[in-house]
Structure formats: C-alpha cells, structure tokens
Amino acid sequence: MPVGTDETMGVSNGSALLEEQQETSADKSWFSEYRQLAHFFSLLCFLLVIVTLLQTFCLVQITFLFQSQSTLQETKLRDLTNRLEKLNQSYHLLFSQYPALNQYCPVSNSTTGERACRPCPADWTPQGEKCFLFSQDRADWMSSQYRCMALGGAVATVRTEEEQVFLWKKAQSLSQGDSYWLGLRSGGSDGSWQWSDGSPVEKGPEFRLHEPDNRDSRELCGRITPGDDYRRSWYISRCSNQLRRICERRQATLQ
C-alpha cells in the first residue's frame, strides 16, 4: 500500500475525530446553558409563587383589617348616635321643664344667677299639698275654669275643714266682702251638687250651701262669700255672673 495513501487516511480520521469532539463539546455547552436557563426560570417561577402568596396574604390581612375597622367604626357610630339621641331627649326634657323651673325656681340674684326654689309659683299661696291663687279680675264660672286650667290648675275644691278655714280667711283679707267662684256646680235635676272634677259634694255640719227660696232652673254654681262664720260661707249664684275666682293646683315636687 502506498505511503501517501496511509497518511491521507490518518489525516482524514484525525479530522473526523476532531470534528466529533468539537460537536460533543458544543452539545455539552448547549446542554449546560439550557440547564442554567431552566434553573433560572424555575427560580423565577418560585419567586413569582412567593410574591403571589405574599400578595394574597397581604390582601387577606388588609381585607380583615378593613372589615375590623369598618365594624369598629359602625360600633362607634351607633354609640355616638345613641348618645346623641339621649342628649336630644335630655335637651327636650330640660326645655319642656324650663317654664316650670322659672315658675318654681325663679332667679333670686341676677348677678350670680342663683335661684330660690319654692313649692308654688309666684302669686300663689301654699296650703297643705295645694297652691291657691285669688284672682283680681272677674269672669263667669266656665271662663274662670278655663283661666285656671290655663295656669295648670282648676277652680278650687274644698276637701277638708282646714282648707275651708284657710280660703275663708284669705278671702276676707283680700276681697273686702267680694265673692269668689269655687269649683261647685249643680249636677242635675235632683238638686245634687258636684265639684268641677265630677266628684260629689259631701255636705257636713261644717259646710252649708245656702240656697235661695226662689231657686230657678238656670245653671247654678257655687261661690264663697266671707262672713262671720266660715261654716256658712258657700252661696249659690247663676253661673253667668261675673265674679272673682280661686284657682288651685298641686304643689311641685322639687327633686
């Protein structure tokens, strides 16, 4: 075999081996780069998962915190609303009682605003558990009743001898013989009498109602006219007569 041919074959084999080695090296380099790229994407996916979980956790925490704050705010709002309603109720109650405060506890010192409280309004006289007012103007019996009601009371009723004596003496000192309407009214055709609140008049030895002999059928009412005997001071008059009146109301309970 010629020498030139062997050398040529050796060179060809060496060149093929070299090319194969280069291809293997290239394959290994590409595979290494692929693995690195795969690791990178795996790491990136892991990081994305972690970030997603963190975002979800933060979102849940924010939602819970928002709901908690919302519930707290609603509770505070309800509490403030209830307090406001109570304050409004107290204000309206105080406002409604302010006229009574001025009646029963007028300002006694304008400089300090100090008030002096008493059981009866100004110009009313206390007696027992009642307050009495002796008017100066005159009116018929029904108008007198309305005027007493406008002051928070009614035309006076007499329940005890003590009240009778008090009214009789007070009328004597104020009226100079004038008469005052009482809460007495003829109740029917049987001649019975009743007080303005509808209760019957209990006649006794200390209370005598003087009736005229010529009693007519027109509406009749009772008056007190001071005289020498407090037991004989009630008289009958036509309800249309113009007389003064005695109003009564209960004493205030100051708390």
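Including glycine, each Cβ sits where the backbone N, Cα and C put it.
Automated prediction, rather than curation, is the source of TrEMBL annotations.
Pulled from TrEMBL, these are the features on record:
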| type | residues | note |
| --- | --- | --- |
| COILED | 70-97 | coiled coil |
| DOMAIN | 127-248 | domain 'C-type lectin' |
| REGION | 191-214 | region 'Disordered' |
| COMPBIAS | 203-214 | compositional bias 'Basic and acidic residues' |
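Predicted-model confidence for the coiled coil (70-97) is 75, expressed as mean pLDDT.
Within the domain 'C-type lectin' (127-248), the DSSP-based counts of helix, strand and coil residues read 28 helix, 40 strand, 54 coil.
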